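**Q** Annotations per Swiss-Prot:
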- G635, P636, N637, M638, G639, G640, K641, S642: ATP binding site (BINDING)
- 8-26: compositional bias 'Basic residues' (COMPBIAS)
- 1-34: region 'Disordered' (REGION)
Amino acid sequence: MAAIPTPRLHRGVTHLSRQTKSRARHPMSTPQHTPMMQQYLALKREHADKLLFYRMGDFYELFYEDAEKASRLLDITLTARGASAGNPIKMAGIPYHAAEGYLARLVKMGESVAIAEQIGDPALAKGPVERKVVRIVTPGTLTDAALLDDKRDNLVLAVNMVKGVLGLAWLSLASGEFKIMQASVEDLASELERLKPAELVIPDDTGLAAFEGISTPKKKLPPWQFDIESSKLALTRHFGTRDLAGFGADTLPVAVGAAGALLEYVKSTQGVNPAHISALSVEDAGELIRMDAATRRNLELTETIRGEASPTLASLLDTCATSMGSRLLGHWLHHPMRNHGKLARRHGAVRALLSRYQDVHAELDQVSDIERITSRVALRSARPRDLSALRDSLTALSGVKALAASLDSELLNELAGVLPTESPVQKMLAAAILPEPATFLRDGGVINDGFSPVLDELRAIQTDCGDFLLKLEAREKERTGITTLKVEFNRVHGFYIEVSKAQSDKVPDDYRRRQTLKNAERYITPELKEFEDKALTAQDRALALEKQLYEALLDQLAPHIAELKLIAQAVAALDVLSAFAQRAAIGNYAEPQFVPEPKLDIVAGRHPVVEAEVERFIANDTRLSAERKLLLITGPNMGGKSTYMRQNALITLLAHVGSFVPADSAVIGPIDRIFTRIGASDDLAGGRSTFMVEMTETANILNNASEHSLVLMDEVGRGTSTFDGLALAWAIARALIEKNRAYTLFATHYFELTTLAGEYPAVANVHLSAVEHKDRIVFLHHVEDGPASQSYGLAVAQLAGVPAKVIRDARRHLAELENQSAARVQPDLFSAPAPASEPELSPAMDRLQEIDPDVLSPRQALEILYELKKLAD
């Protein structure tokens, strides 16, 4: 993006000295101010938490503290002009035609902006021109194409927490998708990672501890706006329903509270009713494979661990022709499904597209972002080129429809059925909008020729002006005999007939003098005056009529919003399925098979992203079942353990979003969750060490993994002392085998853990092979049965460039340690007696665990206290 130039300043503006800056504080008692500043301050009071863009002619001006802040954030000049209430008025301005670029920068910084436009006619105003805030731009409520990321949904999320229950409501204003769910408060972090909202809406009495370390901009609302009954009323009024049962939301009161607050907040920012928000849907976590925040980060689904957009799974798969497809792809990757029937339909569609994806892409290349254009139509913010793009996109869909309908896939045929053959919207727009309309309605040149006879006549006056003047000049020369006569126009005096002074005595009686010059006279005739009146008003009248016709067209499009949203969804799904087919064809992916029994059987699996980045990738098998639940993986650092574990998680995830998978074959049983404990770093904002982060993630796995979960554990226990880490790793592995019984890939450098395979039939040792030759190590990246023979730590250090002297010292010290270890008998950590069972709890402790202090009245609490004392005695 080109740099936005600093706007030209008004003449007579002086820079503020430091001394002046320190004095420029404005009192809010408006009688001391000029009428215009009174108007500004009244608007500012209503939007005190936002920057106020105040329209003055061709500029948006910011005043006082807003001017200081904008100057700092946008690097525009801070100035002062005049005074109000005895203080210099700090101000900074930006040209209105460049406002979108500045808004984009402010929104990326998390700022919200209220835009006040002139709505009165300056010619009729006796005081300041009437102004009002017509739009509020916040990070989560963007709809303008210039402010949005084409490939990512822009969500605003409302959070409501009541007695340990988490209610979430989120909305993409750019698409109209409105969803809710309820969960446990402990799920907040994972949901924020999944949804990645651009803005949070929370009650202002919510404790900030819950949002510690979360940099997402937050809008705080009064708690009463989250009231359940008020929210139900707001939602049913908006949707025109008696209750929320039809949406499945009647049993989710905390989420309904969030949804009501969110809807009212969004309405307050738009200035119009968001009619495209036509339904509320409940997200059922039970239908999805759940992943916590750490898992989504570690698998690098849509951004790398470093926060970059590539290389990720999404960047690899995203060959979508439309922005709608790219956004839906990201959504699918974060929402893997458990329903094998629905997945089989997606896999069938991918199979049918394997030889036709190029044709689908060619057709979809002509389709614009129907989804976001539809939302702008509903919000009445659609620009002329939005409508021409919508018209052209609907025209192009006939080819896509025919292609999808011809393929052997139930899902593709259903999607084809949604696409129109002849769209009434397309016909309406073809008649109303010019083939290449102007960018902005204010410039005219938007409404098609022939759509309005009155508009055609007004345009003809402007177009025929030159011809009329030439004909009039020729006729007047012939009538008067004045060969030097000229008919001309200027902005000051309008149209006139100019005659030299030497021939001014020849002018007819109907000539009326308009201006006298040194060597000429200028005249006007009744005919020329009549034409002048028509010509000078024709442009203004044409612009006013175009605006009127455009607004009427938006009204006519409103009933078709729901239909257009369905079309957009169908196009996006076709686009994603075609991208899946392209990756499957290029990467030689296999169609996965689902079975009801516990199984994860992958033959020649590959890591999809790493495979695309290297010349040659070593494929590996994975076999897990009810009898073989945990693979204990050993081998050298850089040997490929982490890549091997991640590839199995990604293959599993790809199968559950409807894609083919990078393997020769994959047979997968029921999966409910995917967990990863891979890598860690200090959580400085949360005040947690690397080891604390590691243990928190491990605790989450041990407390929530089931026999249908896939668990990846990499080097657990390495962040503490050797014996502490070894003991923890052993106990964690044991718990995963005995209690959770999850499918587990457990990578470790603690070779002592390999003895677990002798204790538990469900444990199998595997290792990543490597060979050492002349103090050099070669990683083979191949998974083989059995434990690794050694760690190759010194060889890896040498490969990393550690100085040779350090390597020699390490070898010498390693030999000494190995000799000492062989000379003394070391206690066998794993032959120690089984841990004693936990002591039975006392009756008082049993009773204490049953109590929920949040629901007790003071009297009940006192009674229970006496009861506990009696039990303790």
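Residue numbers in this text run from 1 along the chain shown.
Keep in mind that glycine also has a Cβ here, set from the backbone N, Cα and C atoms.
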**Q** Sort G635 (ATP binding site) into helix, strand or coil using the DSSP assignment.
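**A** SS state of G635 (ATP binding site) = coil.
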**Q** In the structure shown, with every protein chain counted, which of the binding-site residues G635, P636, G639, G640 has the densest set of Cβ atoms within 10 angstroms of its Cβ?
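**A** By the 10 Å Cβ neighbour count, G635 comes out on top.
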**Q** With an 8 Å cut-off on Cβ-Cβ distance and a minimum sequence separation of at least 6, pull the same-chain contacts of K641 (ATP binding site), or say none.
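**A** Spatial neighbours, sequence-distant, of K641 (ATP binding site): I633, G635, D714, A747, L768.
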**Q** Drop a 10 Å sphere on every Cβ of the binding-site residues N637, S642 and tell me which sphere holds the fewest other Cβ atoms.
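**A** Candidates: the binding-site residues N637, S642. Fewest Cβ atoms within 10 Å: N637.
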**Q** With a radius of 8 angstroms around the mean position of the C-beta atoms of G635, P636, N637, M638, G639, G640, K641, S642, what other residues of the same chain does the ATP site pick up?
**A** L768, A770, F779
**Q** Using all protein chains in view, find how many other C-beta atoms are within 10 Å of the C-beta of M638 (ATP binding site).
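**A** Counting Cβ neighbours of M638 (ATP binding site) within 10 Å gives 18.
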**Q** Determine, from DSSP, whether G640 (ATP binding site) sits in helix, strand or coil.
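**A** For G640 (ATP binding site) - judged by DSSP and reduced to three states - the answer is coil.
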